[in-house]
Amino acid sequence: MGVHECPAWLWLLLSLVSLPLGLPVPGAPPRLICDSRVLERYLLEAKEAENVTMGCSESCSLNENITVPDTKVNFYAWKRMEVGQQAVEVWQGLALLSEAVLRGQAVLANSSQPFEPLQLHMDKAISGLRSITTLLRALGAQEAISLPDAASAAPLRTITADTFCKLFRVYSNFLRGKLKLYTGEACRRGDR
């Protein structure tokens, strides 16, 4: 073993420690989110969760209104935004959506008769949002929050969700809309 070589187990250990912290993993592709198959996997999971909740009634009520990001996109305004401004909007939306899904999980945990398939999809959504957050950090989206554009960004538009179906619909639409638009543009430009 030379002076600059590290054993394989050390790279693995560094990778396991770095991922949850959102740090770049040595030897890993730094722009994994630019691979369309990665985002498509999370889109499929979100759509499956939405479809499962369409069929349930009372067991899918949140019994409260949870604030979620508005997923409507004005494409004309979006295209005119700087990539940094888009990153701010996506990052804020992702943070709010993560809070909403965690709140939904808490509501489900306190339910007297939890709908079993719903718990599985809540867990997948939480895991997916954490992974997407890590991938966006690797793309440099978090750094945009500290840029001057972030201070002048319009406040995030929000709506409320009162059912798990609506919560998962917002999750699915957010991934298909703003997140996909932002990552597509950031990956094309090579912004980091």
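Heads up, residue numbers simply count up from 1 along the chain you see.
The backbone N, Cα and C atoms fix where each Cβ goes, and this holds for glycine too.
Keep in mind that this is a model prediction, so the values were computed, not measured.
What Swiss-Prot annotates here:
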- Cys34-Cys187: disulfide bond (DISULFID)
- Cys56-Cys60: disulfide bond (DISULFID)
- Asn51: N-linked glycosylation site (CARBOHYD)
- Asn65: N-linked glycosylation site (CARBOHYD)
- Asn110: N-linked glycosylation site (CARBOHYD)
- Ser152: O-linked glycosylation site (CARBOHYD)
- 1-27: signal peptide (SIGNAL)
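Of all Cβ atoms in the protein chains displayed, 15 besides its own lie within 10 Å of the Cβ of Cys56 (disulfide bond). Of the candidate recorded positions, Asn51, Cys60, Cys187, the one lying closest to Asn110 (N-linked glycosylation site) when CA atoms are compared is Cys60. Comparing C-alpha positions, Cys34 (disulfide bond) sits nearest to Asn51 among the recorded positions Asn51, Cys60, Asn65. Neighbour list (Asn65 (N-linked glycosylation site), Cβ cut-off 8 Å, at least 6 residues apart, same chain): Thr160, Ala161, Asp162. Around Asn51 (N-linked glycosylation site), a 10 Å sphere centred on its CB holds 13 further CB atoms from the protein chains shown. DSSP classifies Asn110 (N-linked glycosylation site) as coil under the three-state reduction. Fewest other C-beta atoms within 10 angstroms, among the disulfide-bonded residues Cys34, Cys60, Cys187, are seen around Cys187. Around the Cβ of Asn110 (N-linked glycosylation site), 9 further Cβ atoms fall within 10 Å across all displayed protein chains. Of Asn51, Cys56, Cys60, all annotated as recorded positions, the residue with the shortest Cα distance to Cys187 (disulfide bond) is Asn51. DSSP assigns Cys56 (disulfide bond) to coil in the three-state reduction, placing it in neither a helix nor a strand.
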